[in-house]
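Notes to accompany the following structure.
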Amino acid sequence: MKQLYWYTCGEGDCDLVLLHGWGLNSGVWHCIIDRLAPHFRLHLVDLPGYGRSQDYGAMSLADMAERVAQQAPKQALWLGWSMGGLVASQIALSQPECVRGLITVSSSPCFTARDEWPGIKPEVLAGFQHQLSDDFHRTVERFLALQTLGTESSRQDARLLKSVVLQHQMPDVEVLTGGLEILRTADLRTALSGFTLPFMRVYGHLDSLVPRKVASLLDSAWPQTQSVVMQGAAHAPFISHPNDFAKLILNFAEENKK
């Protein structure tokens, strides 16, 4: 079996697995490692087809979750950002023995706008999929720029995201298209409605990809979960507000100690 890139560090006794979003790799977490490493055993994963896990083609959400779970510690906290939030959520649903708590960041159980549900317009995602084959690098750059739009440090944060992408070979177009297909089609709203493990959802107030209205809708639909909307943050709050973000994670872990 081909191994995913899986880097473990930290001095704590609580396992925390971090899953990156579309187009990126585990390098995106380096800005908060120093803040979390004293408290956790961190597991930084390159999802199949991304970063240093290049030996994979496009995968479905279920297959990606199954593959990641195969290398995972038991009873870990899982933190998934954006598309990584879908992967972490799918693992929590299908491999609950791996999970003691779930944190999703700037993520949605359904990224696509539907009747009375806010999200990305289907034609926008379809447009990104089409543009990948025409102008691969520019399409990825446009998507990264959307993630930091509106924050005080928008340009600086976008440059950081771009540098993370360029650290390693770019994912294949097939992998990126498959990731957009996951964002376009996945809908875990019903499946997660009965989820009973500790679950925190973190949002950016200025996020243009996951509207903050998602937070209030899920507060009503999933009253057993908790949500935090970070003021001044967009789609990557751990980059624009690393100290506040790290405190949220530490508090969640402390409140849900076993």
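Glycine is treated like the rest: Cβ placed from N, Cα and C.
Record features (Swiss-Prot):
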- 16-242: domain 'AB hydrolase-1' (DOMAIN)
- Trp22, Ser82, Met83, Phe143, Leu144, Ala145, Leu146, Gln147, His235: substrate binding site (BINDING)
- Ser82: active site, nucleophile (ACT_SITE)
- Asp207: active site (ACT_SITE)
- His235: active site (ACT_SITE)
**Message:** Check the DSSP secondary structure of Leu146 (substrate binding site), expressed as helix, strand or coil.
**Reply:** helix
**Message:** At 10 angstroms around each C-beta, which of the binding-site residues Met83, Leu144, Leu146 has the fewest other C-beta atoms nearby?
**Reply:** Leu146
**Prompt:** Along the domain 'AB hydrolase-1' (16-242), what average pLDDT does this model show?
**Reply:** 94
**Fill in**
Trp22, Ser82, Met83, Phe143, Leu144, Ala145, Leu146, Gln147, His235 bind substrate per the record; greatest CA separation between any two, in Å, is 16
**Prompt:** Within 10 Å of Ser82 (active site, nucleophile) (Cα-Cα), which of the binding-site residues Trp22, Leu144, Leu146?
**Reply:** Trp22
**Prompt:** Between Asp207 (active site) and His235 (substrate binding site), what is the CA-CA distance rounded to a whole number of Å?
**Reply:** 5
